[in-house]
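K.L.:
Here's the feature list from TrEMBL:
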type	residues	note
DOMAIN	53-513	domain 'Major facilitator superfamily (MFS) profile'
TRANSMEM	58-78	transmembrane segment
TRANSMEM	84-107	transmembrane segment
TRANSMEM	119-136	transmembrane segment
TRANSMEM	148-168	transmembrane segment
TRANSMEM	180-201	transmembrane segment
TRANSMEM	207-227	transmembrane segment
TRANSMEM	310-330	transmembrane segment
TRANSMEM	357-383	transmembrane segment
TRANSMEM	395-415	transmembrane segment
TRANSMEM	421-447	transmembrane segment
TRANSMEM	459-478	transmembrane segment
TRANSMEM	490-511	transmembrane segment
Amino acid sequence: MSDLPVPGTVRLIDAGGDLSVKHGDKADIVLIPQPSSDPDDPLNWSWRRKTHNRAWQVMWTFIGVAITCALAPAYPMIEDETSIPMANITTGVGLMYLFLGWGNVIVQPWAMYCGRRQVLLASLLATSLTVLWSAYVKSSGEWYANRILMGIANAPVETLVEILVTDLSFTHERGGYMSAYTWTLFNGAFLAPIASGYIAKNMGWQWIQWIGTIIGLVTTVIMFFSFEETMFFRKTGPVEFLQAGSKDIEEPGKSAESKDTTPPEVDIATGEIAPSSKWHRYLRTLRLWGFRAPDQPPFSLKLSLLPFGLLRYPVIWFAGILIGSILAWFNVLNTTTAENFGSEPYNFTTNQTGLTYLANVIGSTIGCFLGGSLSDIVAEFLARRNKGIKEPEHRLWLGIIPLLLHPAGFLLYGIGAAQKLHWVALVFGIGFISATLPMGSLIALNYVIDCYKEAASEAIVAVILIRNTMGFVITYAISPMISNMGLQNAFILVGCLGAAIWGTCFVAIWAGKAWRVSSVRSYWNIVEVHNLQAH
């Protein structure tokens, strides 16, 4: 086992310039993964080309989430007009989140095998049509069916964009770019209700869905002509040499100076010289298939089942439970906000309730910086103190912030609502809670990707399966829990549970490397058997 590297432990800092590898803007930062010499490698794209692609990733995420979650302020109106009980509406939301996770068992292998672009386009199209259908639901059964299909259609928003971020980013910068995705993931859900509250009040709740459908379909068409495929098949780099501090990782007999760093542009699917005409090159980017490399392994049913195999690793369970609790707390907020602010003594209108989501936006924006860019800074700082070696657990030290904010927020929000405190107290509680939500997602996802980069896609699916199953169970239990325990006691319980889960970050800091060491042989066997090199 000693000849196999520990997954996730890498040489990030080359302070002495000993490694003959490609470095980042800072001369001593090692680029992980190492970009190839192929100009079509997304890691080699220009800043402008990457930024264009990232902008569409953010736009796709925002639109997909916004049109899915915009109905939240109108739940009481739906109950009044359709006679669907609020408990059933809440259950339907829970089913949607359940299938937002489990749908990826089908969708994610499709994206990894055929390409990201066709999956993103198909997902937004299907989501838009499902949103249209939801404007016409009349019964609990229809509502359940609609929410289940909504979850399956929009499932890529939970797992695929993380892979798109890794397609274009190096390890030392991934946290910052992941925070942009996470910001849109949460704020699509937080900002949409602000607008939809006004729409529901002035035009009727069905117009929320009709407008959402139009936006979704228009975005799908624009993305077809604007979003470029990022799938690229790369050979896994010799990470064990990076860990050992080798002075040369070039191929035997070939020096770094002798390598041709400006090869001709070739098509990664056929190996042919790419057309020089910009128009021809643009037309080729519109393809929905043909991006697979000749030596890329064929699709296997075993690959679809691989996320279940990764559930043997403690790292997956730690991240899954952490991010699963985040979804649960998000659902607690999402399903209680309208009811709390719409009842005595607040009696907020639908559009006033929508405005309370500004607290979510402010809180989550702060949380995205803390869990994203700041985690990159902390990880680099600790790697420098660790003789250039970066451990995935370095990011987990930021868990101290939500460990304090989570219970404070839920106690302020829950006790405030139960004791009929001024609405400002509730809004501050929501802001504290919202700051912890993206931090949980960013810390958990970046930790898993850092640990098991070669199997990142499958590992993320495994984490999301745990997360969304937890989210469904807790969402389903929210209404009965509040009814039986009372609003105040229920939120005290949620605050204590959240603090306990955030405390596991420090368990992972202490035991995380031992978990990864125990997975060395089985993990690298999985990488070899499944040829997990598509990035």
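Backbone N, Cα and C atoms are what each Cβ position is placed from, and that goes for glycine too.
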K.L.:
Would you confirm whether the transmembrane segment (119-136) and the transmembrane segment (58-78) meet the contact rule of 3 or more C-beta pairs below 8 angstroms, pairs 6 or more apart in sequence?
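P.N.:
Output yes: the transmembrane segment (119-136) sits against the transmembrane segment (58-78).
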K.L.:
Can you find at least 3 Cβ pairs under 8 Å between the transmembrane segment (357-383) and the transmembrane segment (84-107), where each pair is 6 or more residues apart in sequence?
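P.N.:
No, since the transmembrane segment (357-383) and the transmembrane segment (84-107) share fewer than 3 Cβ pairs closer than 8 Å, they do not count as touching.
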K.L.:
Between the stretches 84-107, 310-330, 395-415, 490-511, which one has more Cβ pairs under 8 Å with the transmembrane segment (148-168) than any other?
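P.N.:
Looking at each of 84-107, 310-330, 395-415, 490-511 in turn, the most contacts to the transmembrane segment (148-168) are made by 84-107.
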K.L.:
As a test of reading the model: what is the averaged pLDDT for the domain 'Major facilitator superfamily (MFS) profile' (53-513)?
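P.N.:
Within the domain 'Major facilitator superfamily (MFS) profile' (53-513), the model's average pLDDT equals 84.
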